[in-house]
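**Q** Before I ask anything, here is the structure I am working with.
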Amino acid sequence: MGIKGLTALLSENAPGAMREQKFTSYLDRRVAIDASMHIYQFMIAVGRTGEQTLTNEAGEVTSHLQGMLMRTSRMLEAGIKPVYVFDGKPPTMKGGELAKRKDKREEAEAALKAAREAGNQEEVEKLSKRTVRVSKEQSMEVMKLAQLLGIPAFEAPCEAEATCAAMCKAGLVWAVGTEDMDTLTFAAPRVARNLMAPKSAEKPVLEFDYEKTIAGLGLTADQFIDLCILCGCDYTDTIRGVGPKTALKLIKEHGSIEKILEAIDTEKYPPPKDWEFAGARELFKNPEVMDVSGINLSWKAPDEEGLVEFLVKEKQFQEDRVRGVCARIRKARQGAASQNRLESFFGPPKIISSTIGKRKVEETKSGKGSKAGLNKKSKGVSGYKSKKT
């Protein structure tokens, strides 16, 4: 799920923390990828027609492998160096959120059955996406694929995004590639969204800077964590009736959740019973992560014959397509070997602002300006949403 409404909140209150980057701007950059989150997205989107997912002749789902193969190939061809990190066991505090997700899946499955019986194809397609779940076997298949492609791959002891953030803080990678904004709550120095989007989507990479985030909001690191808990996170519930804007206002006024609870009308804004916000805060401050101190990251040439054995012979992929991917990656590696990184390659970042929740009016000078100019909106980022189910 990430942090509810955080992107919109930053767009309005700390636009300098966000910038649009070209995909090619990440040439020679190391990026830790939240693999588990992206596998789920591939299971929903890649090769889906109605409620039918991409499968091989044996009926095995291959959407996760197809999606990861093509997105990984695109990154490697662009000179990006991905590091894949997979979820380990969920933290105990996430049990409530996981139970809610299970209930929602069961509700969706019941509604899906009714939609099938009614012949409502639009509802069938929508509801079938809500019933998707990623198995341990599918995660291990993607890890095997990454290793055959010559990419470092790790299973985190707990949440993948927390270990990704630890890698970024340690300087092992430049940024974390994920759609989940709670990676920023784990204090990852840079978070890159849309890095795994298909080329056809033509989405710029949306990069968030942690230090500029807390500076732009006027908060300390601890206050930012409390803000994220108030907005809504995976680890605990939040105060009913308090959305992101109100949460920011309250944190700025009172400084902490404890002080907020002392000050607000709890009948108007009832907090959850036995609210474990302190436990959630501790999870964000000191998450269980992999020891990254002794990690030596290296990228190798793809194991072409190993990929053919796995994808073609086991999973019925087309051999010419698999070999074509390997050829493109080899060509990119050869080109990268003869290049040095040029800082001039990066154009000036485009700082973006948003009109989410408010209308920006351009003030006129010396009486100049028209009504048309006064009513013109600046480009927002409301299309960017975190999604974790």
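Placed from the backbone N, Cα and C atoms, the Cβ positions cover glycine too.
What you see is a predicted model, and the numbers here were worked out from it, not measured in a lab.
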**Q** Based on Swiss-Prot, name the residue from ASP222, ASP226, ASP234, ASP237 that is recorded for the same Mg(2+) 2 site as ASP180, ASP182.
**A** ASP234
**Q** Same Mg(2+) 1 site as ASP87, GLU159, GLU161 according to Swiss-Prot: which of ASP34, ASP209?
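**A** Record check against Swiss-Prot: Mg(2+) 1 site with ASP87, GLU159, GLU161, extra candidate from ASP34, ASP209 is ASP34.
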**Q** Can you dig out which of the ranges 284-292, 293-301, 302-310, 338-346 Swiss-Prot describes as region 'Interaction with PCNA'?
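**A** Within the set 284-292, 293-301, 302-310, 338-346, Swiss-Prot attaches region 'Interaction with PCNA' to 338-346.
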**Q** Over all shown protein chains, what is the count of other CB atoms within 10 A of the CB belonging to ASP87 (Mg(2+) 1 binding site)?
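**A** The answer is 22 other Cβ atoms.
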**Q** Other Cβ atoms within 10 Å is the metric here; tell me which of the binding-site residues ASP34, GLU161, ASP182, ASP234 scores highest.
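**A** Comparing the binding-site residues ASP34, GLU161, ASP182, ASP234, the most crowded Cβ belongs to GLU161.
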**Q** Could you give the Cα-Cα distance between GLU159 (Mg(2+) 1 binding site) and ASP234 (DNA binding site), in whole Å?
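**A** The Cα atom of GLU159 (Mg(2+) 1 binding site) is 11 Å away from the Cα atom of ASP234 (DNA binding site).
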**Q** Other than its own, how many Cβ atoms are within 10 Å of the Cβ belonging to GLU159 (Mg(2+) 1 binding site)?
**A** 28
**Q** Return only the integer: C-alpha distance in Å from ASP180 (Mg(2+) 2 binding site) to GLU161 (Mg(2+) 1 binding site).
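**A** Cα-Cα distance, ASP180 (Mg(2+) 2 binding site) to GLU161 (Mg(2+) 1 binding site): 8 Å.
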